[in-house]
Every structure is written in structure tokens, then in C-alpha cells.
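S.K.: Got a structure for you, written out below as C-alpha cells; questions coming shortly.
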Amino acid sequence: MEALTSLIGGFGVLADPMNIVYMFVGISLGVLIGVLPGLGGANGVAILLPLTFSMSPVSAIIMLSSIYWGALFGGAITSILFNIPGEPWSVATTFDGHPMAQKGKAGEALTGAFTGSFIGAFFAVLLITFLAPVIAKFALQFGPAEFFAVYLLTFCSFVGMGKEPPAKVIAAMMLGFALAAVGIDTVTGQLRMTFGSVELLRGFDFLVAVIGLFGVGEILLTMEEGLAFKGKSASINPRVVLHTWAQIPKYWAGLLRSAIVGCWMGVTPGGATPASFMSYGLAKKFSKNGRNFGKGELEGVIMPETAAHAAGTSALLPMLTLGIPGSPTAAVLLGGLLIWGLQPGPLLFVEQKDFVWGLIASIYLGNIAGLIVVLTTVPIFAAILRIPFSVIAPIILVICAVGAYTVHNAGLDIAVMLIFGVIGYLFKKLQYPLAPLVLALVLGDMAESSFRQAMLVSQGHLSIFWSNPLVGSIVTLALVMLVWPLVSKVMARLNGGKEAAAAE
Amino acid sequence: MSTESGHSAPTAHNEKTVTNRTMDAAVALIFMALAALVMSDSWRVGARWASDGPQAGYFPFYVGLIMFIASTVTLVTALVSRHPDLGNFVDRSQLVSVMQVLIPTTVYVGLIFLVGIYLASAVFIVFFMWWLGKYPVAKIIPVAVGVPLALFVMFEIWFLVPLPKGPLETALGY
């Protein structure tokens with residue numbers, strides 16, 4: 001019940017009308033970002049982050065997290081109306097969403113997607129409300145070895161759960177760690193990998209990397225696909241909304257399943273994208289109408305959206321309690337916390353109660369506000385999408401350049417952003433995942449210092465990672481995750497091709 | 001791998017650039033070179049155990065080592081695989097479209113250093129809309145002037161965040 005009291009306190013923080021204004025501004029910007037190609041949750045928040053330096057941390061996080069919710073909602077609009085996923089996690093939404101729009105049921109598909117998103121997020125924020133204080137209290141006892149073990153688990157999960165080849169996941173991740181190490185070593189003050197360059201002293205800022213990888217890289221990919229926006233028009237009226245809502249309760253089991261899948265994938269850094277696919281696959285398997293999936297089934301729209309939004313929201317749980325973000329966007333928000341002078345992690349719940357509970361309360365309100373905004377403004381955003389790419393693309397690139405510059409007021413960062421854009425394009429094409437790179441870049445310094453502290457404590461013996469049951473089990477679990485691709489490959493070979501064929 | 005080979009298998013002869021396998025190997029080699037660089041520099045600052053604990057290069061050295069091993073695996077897989085991914089990495093026409101964005105953007109970034117971000121952005125938008133979009137001047141000018149102007153108001157006046165400026169802004173008194 002302590003959580004409830006704190007939550008009510010959090011709503012008190014929101015009573016400031018300016019915070020509500022920031023919330024609506026954030027949601028609207030977020031939907032816009034989610035709709036536009038090349039701008040997504042991660043780089044959208046990264047670009048706007050410098051603008052919030054002058055705000056109070058509470059207002060800033062409310063606005064930025066609202067952008068995130070808005071972007072989660074917005075991705076569905078393009079998927080359904082244009083068959084173009086605005087965000088990677090809404091790819092699964094296109095499977096049934098666009099066929100529905102072609103049948104003239106765009107309004108129902110959109111309502112279903114938005115409502116599914118809302119339910120997923122609501123489930124996840126309930127989880128955060130009641131689980132976060134418990135985890136934070138627990139994590140207060142963590143030493144450097146435990147923290148490193150959790151970092152290790154985070155990174156090994158990428159290897160174990162990613163769809164990409166494990167060697168590529170590891171290479172991308174290590175690139176992130178190596179880039180994070182560039183600059184002054186925080187412990188000894190020595191220069192690392194600067195090669196005599198003054199510009200490299202600063203190191204590589206992950207915000208610049210995110211803007212390049214996700215923004216410029218995405219524009220290049222969009223260009224390659226040669227997109228022509230040919231969309232269906234949408235009209236949402238109250239009758240369609242109510243009619244769709246009336247159908248939703250009968251999917252309760254599927255919704256619950258999707259929300260759980262989403263939360264699991266969000267807390268462990270599987271992310272929203274695999275969560276949406278997994279949820280779509282499960283719904284197809286379990287639904288009575290499974291055969292109709294892909295032809296325009298409402299259930300096929302709701303389920304992936306529920307999971308994606310649950311994952312996106314619950315990614316904040318490990319970020320707030322342990323300082324380990326579950327998604328690239330959560331990583332950018334974490335970067336924001338550091339810039340505002342807040343140290344993410346368990347102490348946040350003790351020292352910055354207003355901030356944490358204000359944020360959690362804003363997730364509740366933000367998603368209600370988001371639902372209202374998207375349901376009422378879909379035609380406007382659909383109209384924005386009809387602006388041709390040759391107008392949108394240069395504007396987005398200009399915004400990316402401005403965003404990269406304002407991170408450190410450094411002109412060279414714009415060039416670095418462009419290089420990261422090319423890297424992002426190559427990585428996407430060659431199946432190197434971007435999320436581990438970004439997370440390694442964000443967490444590199446913290447992971448390294450906890451590793452070195454742990455090593456200092458043990459005088460260089462790795463046995464410290466098995467010195468008590470807690471750290472031992474986390475490390476062991478991490479190693480299992482790491483070798484999981486090998487294990488599953490061996491098991492598949494032992495079972496022969498027969499079962500694999502049956503599973504197809 | 002299945003998604004990659006799916007869409008790029010049937011390509012016309014003149015669309016051929018390089019295969020996915022070649023690109024895979026090339027990127028793996030770049031990774032290995034980078035890893036070698038990381039390791040050598042970490043070794044330079046000291047990657048061993050000093051009297052007061054791990055040296056500065058200790059952690060990055062192993063990062064480089066793991067990156068090297070992982071990329072070797074990628075390289076070997078790409079080279080010795082029995083079912084190499086010989087699909088086209090990028091069609092020639094696609095590559096042209098990508099370059100149509102990448103090259104102007106590179107010039108734009110260079111231009112920012114010379115004339116400041118506002119003027120460079122205006123030039124960039126004009127070029128893009130005129131060259132790729134084939135828009136009439138009457139439609140180009142409002143966007144090309146409006147976007148930098150909006151940025152100017154938002155950053156220099158509203159949020160007081162200075163952006164890179166060039167001679168034009170100096171002449172106007174900013």
C-alpha cells in the first residue's frame with residue numbers, strides 16, 4: 001500500500017498545469033515523430049533532450065516520456081493506413097491492420113490498435129507501480145559485483161534472445177563498449193583511444209549515435225525502398241470507436257497473454273519489436289480465427305500493439321530501479337536523467353521520490369491523454385503522411401543535424417552523426433542489431449567501473465561473481481543466455497529435422 | 001539470413017553490385033581491424049594488473065579481443081558457409097537513390113561549418129526539393145525559408161540555445 005500512497009503523491013506533482021501542458025505537447029510531438037519516417041522514439045527524444053535542459057527534471061521527463069508514448073501510438077497509424085511501419089515494433093501491426101484498412105475498416109483497426117496499446121501500457125505501468133519499489137529496495141543492497149552481474153545479464157540476453165546471428169550481436173555490442181571507452185578514463189584519468197586528437201577527448205556521445213543510427217540510417221533505408229505513400233483515408237467517429245470497444249472484452253485472454261509477453265520482453269531487454277511479433281504469433285496459434293490472420297482480423301491488430309506498448313512501457317522498470325534501460329528509447333531517457341544530475345538506480349526511489357512517482361503517475365495520465373489525442377487527430381497525422389518524401393526527408397535531416405549539434409554544441413558531432421547514419425544503414429542491411437550497440441555505448445562506463453570495482457574487491461579473482469547465491473545465480477543465468485544459441489542449435493540437430501518440420 | 005535472400009534473389013544483371021557475402025566479409029574485416037586498433041591502444045595504456053588494481057586498458061582490451069573473435073566467426077561463416085548468401089547487397093538503382101541522399105547530406109554537413117546551419121539548411125532544402133522533388137519555385141521557397149526561420153526562432157530566441165552561425169547571421173547582427 002506504500003506504493004499507492006506514493007502514487008497519489010505523484011499525481012500531486014502532476015497537478016501543476018504546466019506539466020499537463022508539457023504532457024500534451026509531448027504526446028502530439030511523439031505521434032508526429034512516430035508517423036514520420038526517420039524519426040522514432042529513440043532519436044526523437046534524443047533530438048529534443050537538449051531543449052529540456054532548462055526545465056525542471058520532473059517537467060522534462062514528463063514531456064520526454066510523453067513523446068515516447070506518443071511515438072508508440074503513432075507507429076500504428078502508418079502501419080494501418082499506409083502499410084508502412086513507422087516504427088519497427090509496428091511491423092506486426094501491418095499484417096492485419098492494412099488488410100482491414102483496404103476493406104474500409106481503417107477506423108476499427110486504428111481504434112483496436114490504440115486501445116490495445118493503451119491496455120498494454122496500463123498493464124505495464126501497474127507492474128511498474130507495484131514492482132519498482134520492491135526491486136529498488138532489493139537493489140539497494142547490491143554491490144559492484146551484483147551490478148556487473150545485472151549488466152552482464154542484460155547484454156547476454158541480447159545474444160540469447162536476438163534474432164540476429166550471435167557473433168554479429170556480440171560484435172555490435174563490443175563496438176558500443178569500445179566507443180564508450182574512448183576519452184578520459186574516469187578511474188585513472190588516462191587518455192584512451194584518443195590518438196592525440198582533442199576532439200576525441202570528449203568521447204562519443206550516445207545521443208549523437210542514436211540520432212545517426214536511427215535517424216539518418218532510417219532515411220537512407222527509406223530512400224532505398226523508394227517509398228511512395230499511397231494511403232487509405234481514415235475517419236474515426238464515436239460510433240466506430242464504441243462498436244470496436246464492444247468487441248474487445250472477448251479478447252481478454254489474448255490481451256493478458258500479450259501484455260505478459262510484452263512486459264517480459266520489455267524488462268529483459270528483448271524490446272518491443274520481438275514482443276509484438278511473438279504476441280502476433282501466439283495469437284495466431286491460439287485464436288479461433290487463427291486461419292483468418294493476415295486477411296484483416298481485428299485480433300491480429302490488437303495483440304501485437306498490446307505487447308509492443310507493454311514492452312515499451314515496462315522497459316522503464318529496469319531503467320528506474322537498476323539504471324539499466326530495457327530499450328534504446330529508455331536508454332536515451334536514462335541519458336537525460338544523468339544530464340539533469342539524477343543518478344538512475346535504486347537510490348532514486350529514496351532521494352528523488354517526487355521525480356520517480358511524478359514520472360510513474362504521468363505514465364498513467366500520459367496514456368489516457370495519448371488515447372484521446374490519437375483517436376481525435378488521426379486525420380491530421382494521416383494528412384501529414386501525404387506530404388511527399390522529397391519534402392519531408394531534407395527537413396528531417398536538418399532536424400537531425402540540429403539535434404546532433406545541440407547535444408554538446410559541437411559542430412564535429414554533426415559529421416559523427418552522418419558516419420553513424422552510414423553505419424546504421426550497413427548494420428540494418430547486414431543484420432547487425434542496433435539496440436545492443438546503443439545500450440553498450442550508454443552503459444559502457446558504468447559496466448566497466450562496476451567490473452573494475454568488483455575486481456578490486458576480489459584482487460582480480462573472477463570467483464567474486466560466484467561469491468554469494470544472488471550474484472552467482474545472475475551470472476550463471478547470464479552465461480546460459482550467452483550460450484543459448486549454441487544449445488538450441490545442438491538440440492535442433494539432435495532432434496533432427498523432423499520436429500522442426502512439424503513445428504512449421 | 002532467410003529474409004535477406006528472399007527479396008534480392010532475382011535481380012537483373014545490370015542491377016548487380018556486390019553480394020551479401022562479400023559485404024559481410026568486408027564489414028567483418030573492418031570490425032577486426034577496429035578491434036586490433038582497440039587492443040593495441042589498450043595495451044599501450046596498460047591492460048594488465050597494477051599494484052592498485054586493473055589498469056586503464058584492462059577492460060577495453062578484452063572488449064577488443066571479444067570483438068576480434070566474434071568478427072572472425074562472422075568472417076569464417078561468410079567464407080566457408082555451404083549455403084553462402086549470394087543475394088545482391090543492394091540493387092544499382094537503389095544504391096543510386098541512397099547516394100542521392102547521402103552525397104547532398106555530406107555536402108550539407110560541410111556547408112554547416114562554412115556558412116552556419118540556417119543558411120546551409122535553406123540551401124539543402126532548396127536543392128532537395130528542386131532536384132529530387134522537381135517542385136516549382138513557388139512551393140520550394142516557403143519551405144526553404146520557413147524551416148530555418150522556425151528553427152531560428154525556436155533555438156536562438158525561445159530556448160536560447162545557440163546554433164552554428166555564419167557570416168550572414170553576423171552581418172544581420174547575431
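One-based numbering along the chain as shown.
In case you wondered, yes, glycine gets a Cβ from its N, Cα and C as well.
Sharing the record's features from TrEMBL:
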{"type": "DOMAIN", "residues": "A:20-439", "note": "domain 'DUF112'"}
{"type": "TRANSMEM", "residues": "A:20-49", "note": "transmembrane segment"}
{"type": "TRANSMEM", "residues": "A:118-140", "note": "transmembrane segment"}
{"type": "TRANSMEM", "residues": "A:147-163", "note": "transmembrane segment"}
{"type": "TRANSMEM", "residues": "A:169-188", "note": "transmembrane segment"}
{"type": "TRANSMEM", "residues": "A:200-221", "note": "transmembrane segment"}
{"type": "TRANSMEM", "residues": "A:259-283", "note": "transmembrane segment"}
{"type": "TRANSMEM", "residues": "A:322-343", "note": "transmembrane segment"}
{"type": "TRANSMEM", "residues": "A:355-376", "note": "transmembrane segment"}
{"type": "TRANSMEM", "residues": "A:383-404", "note": "transmembrane segment"}
{"type": "TRANSMEM", "residues": "A:410-427", "note": "transmembrane segment"}
{"type": "TRANSMEM", "residues": "A:434-451", "note": "transmembrane segment"}
{"type": "TRANSMEM", "residues": "A:463-487", "note": "transmembrane segment"}
S.K.: Using a Cβ-Cβ cut-off of under 8 Å, list the residues of the same chain that are 6+ residues beyond the ends of the transmembrane segment (A:322-343) and lie near it.
M.R.: 40-42, 45-46, 49, 52-53, 57, 60-61, 64-65, 68, 71, 135, 139, 147, 150-151, 154, 206-207, 210, 214, 266-269, 271-272, 311-312, 314-316, 352, 355, 434-435, 438-439, 442-443, 446
S.K.: What stretch, picked from A:147-163, A:259-283, A:410-427, A:463-487, has the most CB pairs under 8 A with the transmembrane segment (A:200-221)?
M.R.: A:410-427
S.K.: Going along the chain, which residues at least six beyond the ends of the transmembrane segment (A:355-376) come within the CB cut-off of under 8 Å?
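M.R.: Cβ under 8 Å, 6 or more out: 6-7, 9-11, 13-14, 19-20, 23-24, 26-28, 30-31, 57-58, 61-62, 65-66, 69-70, 72-74, 77, 110-111, 114-115, 117-118, 121-122, 125, 128-129, 132, 236, 241, 313, 316, 320, 342, 348-349.
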S.K.: What else in the chain is close to the transmembrane segment (A:410-427), if you only count residues 6 or more beyond its ends and a Cβ gap under 8 Å?
M.R.: 172, 199, 202, 204-205, 208-209, 211-221, 400-401, 404, 433-434, 437
S.K.: Check the transmembrane segment (A:463-487) against each of A:118-140, A:147-163, A:169-188, A:259-283 and return whichever range has the most CB pairs under 8 Å.
M.R.: A:147-163
S.K.: Restricting to the same chain and to residues at least six past its boundaries, which positions have a Cβ under 8 Å from a Cβ of the transmembrane segment (A:147-163)?
M.R.: 169-170, 173, 265, 268-270, 274, 318, 322, 324, 433, 435-436, 439-440, 443, 446-447, 450-451, 454, 465, 471, 474-475, 477-482, 484-485
S.K.: On the 0 to 100 pLDDT scale, where does the domain 'DUF112' (A:20-439) sit on average?
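M.R.: On average, pLDDT over the domain 'DUF112' (A:20-439) sits at 84.
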